[in-house]
Amino acid sequence: MERTFLAIKPDGVQRGLVGEIIRRFETKGFTLVGLKFLQVSKELAEQHYGVHRERPFFPSLVEFITSGPVVAMVWEGDGVIASARKIIGATNPLTAEPGTIRGDFGINIGRNLIHGSDAPETAQKEVSLWFTDAELVNWQPHLTPWLHE
């Protein structure tokens, strides 16, 4: 079963959107297997955004993700990576489709509420960076047979 990493950024937490964001993934039929509420350290932020280290916006990414609490999550399900990207919407909320998280609630590209892994390799790396194996729960909701063939 495929897994992805999602993080509700400080703006999503401060605006009280945690429940709404989680609801969207639960009602889609995905299974939450890891969840933590944390203040991100500068070191973790720099590791997470390491691919952008040489980009001019890198310092602002690190500053923002460490500016307040974050909800880190691991979700599981068939096609969860691609589906999560659709649920989240385009990176820039101004171009994100209505009905997506960013389209409905996003303000601007610097305050776009949520991060989601963009590929299986990235998801695996991010899950391992943010969670230990002991922090992930292997379980199956009773409704799983009704959602998957």
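Backbone N, Cα and C atoms are what each Cβ position is placed from, and that goes for glycine too.
Site annotation (Swiss-Prot, ligand ATP) includes Lys9, Phe57, Arg85, Arg102, Asn112; from Thr66, Thr91, the additional listed residue is Thr91. Of all Cβ atoms in the protein chains displayed, 21 besides its own lie within 10 Å of the Cβ of His115 (active site, pros-phosphohistidine intermediate). For the binding-site residues given as Lys9, Arg85, Arg102, the lowest number of other CB atoms within 10 Å of the residue's CB is seen at Arg85.
If you take the Cα of Thr91 (ATP binding site) and the Cα of His115 (active site, pros-phosphohistidine intermediate), they are about 9 angstrom apart, rounded to a whole number.
A distance of 9 Å separates the Cα atom of Arg85 (ATP binding site) from that of His115 (active site, pros-phosphohistidine intermediate).
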